Amino acid sequence: MASTSFLFLTATFLILCTLTKANNPSLTLTLVNNCPFTVWPAIQPNSGHPVLERGGFALHTLTHHSFPAPTQHWSGRIWARTGCNYANNRFSCATGDCGNRLECNGLGGATPATLAQFSLHHSHTDLSSYAVSLVDGFNVPMTVTPHEGKGQCPVVGCRANLLATCPDKLQLRSPPGHGPVVACKSGCEAFGTDELCCRNHYNSPQTCRASTFSEFFKHACPATFTYAHDSPSLRHECSSPRELKVIFCH
């Protein structure tokens, strides 16, 4: 009898484990490079969360890199570094550089850069929130594409190449001054005023407003955040997606 009870409990436990796994499937993060050049993705966790994939690596054109997301709550950001090279024993990037390191290991990146922002596995319904932000400017087109989630799971981001249309006052060139446009600055970075940066008196939903510069980004890429207090409805909450793809040059 004891043996039979043990077998029954073991079978029940295995069934429950299977059901739990089915209800909370593992989440994969996949970074895809559709750009006609190598990019160096960078991953920065928010404070208190672990660094993923050492924070950065090279991703050649028309290749992808997949890795398991943490099984617990994780939040952070992903962006592409461009124009990276080793010279004089020093690694540096024209855009998105993180302290002259290949592996950012938790460091943030230099602006301007297109950002994908995530908050994974939050709430009791296993929600994953994601958004693409141009608040800190633009360097490559980027989208976030979820797979097999439930609820609000749209593809979001910016497919337009804003380097071709970036206003003169926002252009970042490399080499400085005479090189090609490699990124498009935010109004805040270009001019540094409290109003454009939504600082001090302007740091509230009532006083932080869209500007002609943020409207340039919004017109081209409406499914992105373009200033600090942009519409919160742009942050989507997708329940239990199996995969989140960050696609550069989608």
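Using N, Cα and C of the backbone, Cβ positions are placed for all residues, glycine too.
Here the structure is a predicted model, which means the values were calculated and not measured.
All protein chains considered, the CB of Cys249 (disulfide bond) has 19 other CB atoms within 10 Å. Marked as disulfide bond by TrEMBL: Cys35-Cys249 (among others).
Annotation source TrEMBL lists disulfide bond at Cys84-Cys93 (among others).
The feature disulfide bond is assigned by TrEMBL to Cys98-Cys104 (among others). A sphere of 10 angstroms centred on the C-beta of Cys104 (disulfide bond) encloses 25 other C-beta atoms.
Sequence-distant contacts of Cys238 (disulfide bond), defined by Cβ-Cβ distance under 8 angstroms and a gap of at least six in the same chain, are Leu127, Ser128, Ser129, Tyr130, Pro146, Gly149, Lys150, Gly151, Gln152, Cys153. The annotation disulfide bond is assigned in TrEMBL to Cys153-Cys238 (among others).
What TrEMBL records for Cys158-Cys221 (among others) is disulfide bond. Using a 10 Å radius centred on the Cβ of Cys158 (disulfide bond) and all shown protein chains, the other Cβ atoms total 23.
The feature disulfide bond is assigned by TrEMBL to Cys166-Cys184 (among others). Cβ contacts within 10 Å of Cys166 (disulfide bond), excluding its own Cβ and spanning all protein chains shown: 21.
Cys188 (disulfide bond): 24 other CB atoms within 10 A of its CB, across all protein chains. What TrEMBL lists as disulfide bond is Cys188-Cys197 (among others).
Taking a C-beta cut-off of under 8 Å and a sequence gap of six or more, Cys208 (disulfide bond) has these contacts in its own chain: Cys198, Tyr202, Tyr227, Ala228, His229. Look at TrEMBL and you will find Cys198-Cys208 (among others) tagged as disulfide bond.
As annotated by TrEMBL, signal peptide applies to 1-22.
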>> Among all protein chains shown, how many Cβ atoms are found within 10 Å of the Cβ of Cys221 (disulfide bond), not counting that one?
In response: 23
>> Taking every protein chain in this structure into account, which of the disulfide-bonded residues Cys98, Cys184 has the most other Cβ atoms within 10 Å of its Cβ?
In response: Cys184
> Which ones are near Cys249 (disulfide bond): of the disulfide-bonded residues Cys84, Cys166, Cys197, which have a Cα within 10 Å?
Replying inline: none
> For Cys84 (disulfide bond), what residues in its own chain, 6 or more apart in sequence, show a Cβ-Cβ distance under 8 Å?
Replying inline: Thr38, Trp40, Ala58, Phe91, Ser92, Cys93, Ala94, Asp97, Leu102
>> Give me the long-range Cβ neighbours of Cys197 (disulfide bond): same chain, 6+ apart, Cβ under 8 Å, in sequence order.
In response: Cys188, Ala228
